[in-house]
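A.B. asks: Take a look at the following structure, please.
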């Protein structure tokens, strides 16, 4: 049978529940690929009631026979990776023999973290709300063609020469502009070299490995981090992350051609959340917003920050569906809406008195939009753990069907709880 590749993408501002869905889909995949972002992602998996949070290693690591890949589009913090490996291996998960890392990954280093944190402090109230982990500065170095890549780590003299140049540049900024302490060359060099030996066995030609896996009939799963509305090009710029979190990023960030992406699964919550700064048209500041946050346990897996909550935004989802070429939707956290008398859906916006049915481009265009709502009846029966669509409360079914009508894409999967088994499958992505 020919191999099939599925891309999992967040369609909102991240935190849509991708980790659980990737973990569930790995049942059908022989390889799972991270293709963008860094250890700013927080993917929470619950298996048999046991909770694991992964930041860098693909969620497929919890399945014994799955090979995990970190593609060239990921910025790699070696210390964070080794810490995560140690945590998993202490829990009995074999990582080292099942993880392949692209030699082209740019490295996140101490000067990137120092810059990230100094900038956020300097911006004060105008801050973007980064995780302070050096992600943005590492991507900047990549684009400026001065990044140190994983392959450089195994050549001490080459690494030292490049590091000297890069530190001259960044330390000048840290000292003279941000007025903070500079980063030590010797400490950085010794620290990075100390990690090289453990990393070396996992370094691979990832594009070739993925090509060979497909050729041998293996299904691949591409695991997106963050969400479409945080994409550097298509998100609510400048309140965005520094990578392409859209389906197109799966191709560039892994070295697998776009024609090999056979199905794109867009993950969306049954409501909307956002972490950090930036426009959010359907944000709620009332008791309902509080209720969604508490019932949905809306605290970031990476930062612990409380997420902002609001109604489901079909106009924003429509933008994500078009950008990603979404084949089908997976709706998560439906149970959080259980018990609400009325459920509101944003179907468009008023902008300067004119109606618009799709999210405008860029933060400035979105800041003053007025959402246009459609009210749907809520349901009182629980949806928790339901595994058949027709066993959902009738009004919950109506809500999901309305979502399909508004977005013109089928709801193929519904998540009704954090565990793998709490899933309704209407059309399986690997069978679609």
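Each Cβ is built from the backbone N, Cα and C atoms, and glycine gets one as well.
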A.B. asks: In Swiss-Prot, 15, 16, 17, 18, 40, 41, 42, 43, 145, 226, 241, 305 are given as binding IMP, so which of 67, 131, 252, 282 is in that site too?
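C.D. replies: Swiss-Prot lists 15, 16, 17, 18, 40, 41, 42, 43, 145, 226, 241, 305 binding IMP, and from 67, 131, 252, 282 it also lists 131.
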A.B. asks: With DSSP assignments reduced to helix, strand and coil, which class does residue 306 (substrate binding site) get?
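C.D. replies: Once the DSSP labels are grouped into three classes, residue 306 (substrate binding site) ends up as strand.
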A.B. asks: Could you give the Cα-Cα distance between residue 416 (GTP binding site) and residue 15 (Mg(2+) binding site), in whole Å?
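C.D. replies: A Cα-Cα distance of 16 Å.
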A.B. asks: Considering only the binding-site residues 40, 42, 303, 305, 307, which residue has the minimal Cα-Cα separation from residue 17 (GTP binding site)?
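C.D. replies: If we rank 40, 42, 303, 305, 307 by Cα distance to residue 17 (GTP binding site), first place goes to 42.
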A.B. asks: Greatest CA-CA distance (Å) over the residues 15, 16, 17, 18, 40, 41, 42, 43, 131, 145, 226, 241, 305 that the record ties to IMP?
C.D. replies: 34
